Amino acid sequence: MADVSERTLQVSVLVAFASGVVLGWQANRLRRRYLDWRKRRLQDKLATTQKKLDLA
């Protein structure tokens, strides 16, 4: 194995950790946005269906 200095190891671990945090944060934001969109869409569908039933 190549001789890796302690500093390089610390920096690489820090970079890996930071990228994992950022990636997880972005993925969670995306998931939240998707769930909010789905909820809104289903509520709109429900409202239109209820309107149709009321008119029938």
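Note that Cβ sites are derived from N, Cα and C of the backbone, with glycine treated the same way.
What Swiss-Prot lists as topological domain 'Mitochondrial matrix' is 2-9. Look at Swiss-Prot and you will find 28-56 tagged as topological domain 'Mitochondrial intermembrane', backed by a curator's inference. Sequence annotations record features per position, and here Swiss-Prot assigns transmembrane segment to 10-27 based on sequence analysis.
For the topological domain 'Mitochondrial matrix' (2-9), the model's pLDDT averages out at 86.
Each residue of the topological domain 'Mitochondrial matrix' (2-9) gets a DSSP state, and the totals for helix, strand and coil are 4 helix, 0 strand, 4 coil.
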